[in-house]
Amino acid sequence: MFVRESVMVGGRALTLETGRLAKQAHGAVLVTYGDTMVLVTAVSQDERPGLDFFPLTCEFVEKTYAAGKIPGGFFKREARQREEEILSSRLMDRPLRPLFPEGFKRDTQIIATVLSSDKQNKADVLALTGASAALHISDIPWHGPVVGVRVGRLDGEFVAYPTVADIERCDIDLVVACSRDAIVMVEGGAAEATEAEIIDALMFAHETAQPVIDLIEKMRAAVGKPKREFVAPALPDEIKRRVAQIVDEDLKAATKVTDKKARYDGYSSLKKKLTETLSAELGAEKLLPLQGLVKAEFEERKAHVVRTYVTEEGRRIDGRDGRSIRPIMCEVGLLPRVHGSALFQRGETQAIVTTTLGTSTDEQKIDGLMGETWKRFYLHYNFPPFSTGETKPLRGPGRREIGHGALAERALSRMIPAPDQFPYTIRIVSETLESNGSSSMAAVCGGCLSLMDAGVPIKSPVAGIAMGLIMEGNKYAVLSDILGDEDHLGDMDFKVCGTARGVTAIQMDIKIAGLSRQILAQALDQAREGRLHILGKMLETLPTTRPELSQYAPRITTVRVKPDQIRLIIGPGGKTIKGIVDQTGVAIDVEDDGTVNVASADSDAVKRALDIIKGLTAEPEVGATYKGTVKRITDFGAFVEILPNTDGLLHISEMAHTRVERVEDVVKEGDSLDVKVLSVDREGKIRLSRRELLPLPEGEEGDRARERMAQARDAGPPPRRDGPGGRGGDRGGDRGSRPGLDRDRGGPPRERRERRS
């Protein structure tokens, strides 16, 4: 049955349709907003025995044909997911996963395919809404729906589903997943927004989502399939009670062990004790098929003990109260050859973070449906297995690492100086060396310190903190700076990053139905308190940005030339710029507006390159003195090159204070001499003088000499020695090339991103 429903949101129609495309999927919905269209399918297969996790995969796929483009590369087809697609996949996964039934372990796959892109409306939030609708109308057990809403603040007003152009101007940009009653996921950034402004944005998103939720419910009523019956497997009640009797008291003792490794060793011993006891009581054969359920029940008992300890006694696993921050240790400049480095440790979480400075040739090219863009600041987050005492194959970064890196990058990006203030490409790498919660926030704090250590003039220091929540019945506790166990066993992971003035990035995931405004406000208030504490500790280590760059960092010097002089620097086929690079060893980048960046760690090399560039683009200045080289001799004077490819005429009358009979008597080709620029006419012809730089003859003879020179100029040049008659013709001749032009340097400058060095 074909159904199409629409609702107006953000000033445009949001349309959901089903029953026309992908009818063999268990649920399929086409989402249209503007001319952007996303097809989302949901399929769930039979359960695989032996799984102890939920095998859900969410895939966001951009097809280049959606934007009228053909993929690059040899094969001319879409390959592996780009980073933006991975982040959009996570954006679907995070709010959808908690809404599946507890114990549901069937292979479930959600695929969002961008079929059309108008390059104005982003498809990520549409994919989330489409995934929710596809699951809701399918027979797959799921406790939705939710709706994805992008909220921006533009000129002080909140805007729903802002366009790509508007997002660039927004000082708040959030993606919010909303259910009927609550907010279930948040991801976004801001320009130092206050906590109250963030809450207002979240409430605006929740209000905006309600008509779309109505739309999904209407579609479910029209075409929804009956949900499959699902009953989560469970242990018999008597075995559950026996598990509690065996482990509860020991779990309480193990939970109070503050050292992570010792605590985990205690948990492992308890698991072994539980298995041995039940095996002896039930028999190995009877226990074997129940081992997975026994393991799950042990985790349930552990969660109950930890959560009760927090809500009843007000204490946490490591002995802290709800607001306390773990001990912090910071160190900077520990890697001598790195441009900027920092070691940040908070409790048992440790990261070493580096900053590397490069030139514009190191910018990252982003080629997506929205067009080609370039990033001059990027952050990479690594999480090696040894950081948690494990062994795993070393492969490329996983989705979690890419997501954590994007969050830390967003937190710092608004504090990076503009290119005209700091024309460097900046790469931060965070290596997690130890992890017991909040390693992404260690990347933010360490990244800020490494930027300051590198001499990057950031606008304000940034810190990050992860907040948690535990709700047991009518009691709840908001936790600052959560441990890994508090993240795993708790109900919320709420990361907040910002400066002393406000929030720059947030990320929130919850495992419960939703959060009230009161709990959100308390969490943000505690986060601000913790953030200021962490910033204080960071600034004790490095109060301000270092005034100088590392001696190993490239020095970028910027000069500006006229756009029509770019060809002089590039040369025919890039010959000139390649020659400068080969001669000096610098990196040179030329912008279309005439901005020239010269970079090298060797300041002398930069100076040599700049001298060459200035020489190539310099224009003769009237009254200035130049050391020139005689290029050509004529009977009326000499043509002297005073700047590269720029000649002027040194007339015979301007060679000396006395009458000159033959030019060759004063200068010869190849001679080097000082000359002064007398004038530059409209055609660019240059008149030079040597005479004005020579001392005047003294006394009466000098006066007569000046008089004779004046008469000589009035009378014209002497007769030719090599034949009868005078020179005739043009007295001035071609007096030099026009500044900035050369017959060998034709052709327009290349486009900005065609690298020139």
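Any Cβ shown, glycine's included, is placed from N, Cα and C.
Marked as Mg(2+) binding site by Swiss-Prot: D487, D493. The compositional bias 'Basic and acidic residues' feature in Swiss-Prot is assigned to 702-711, 719-757. For 554-613, the entry in Swiss-Prot reads domain 'KH'. Positions annotated as domain 'S1 motif' by Swiss-Prot: 623-691. According to Swiss-Prot, the region 'Disordered' annotation covers 697-757.
For the domain 'KH' (554-613), the predicted model reports an average pLDDT of 91. In the three-state DSSP reading, D487 (Mg(2+) binding site) counts as helix. Taking H, G and I as helix, E and B as strand and the rest as coil, DSSP gives the domain 'KH' (554-613) the counts 32 helix, 16 strand, 12 coil. According to DSSP, the secondary structure content of the domain 'S1 motif' (623-691) in residues is 7 helix, 36 strand, 26 coil.
Mapped onto three states, the DSSP output places D493 (Mg(2+) binding site) in strand.
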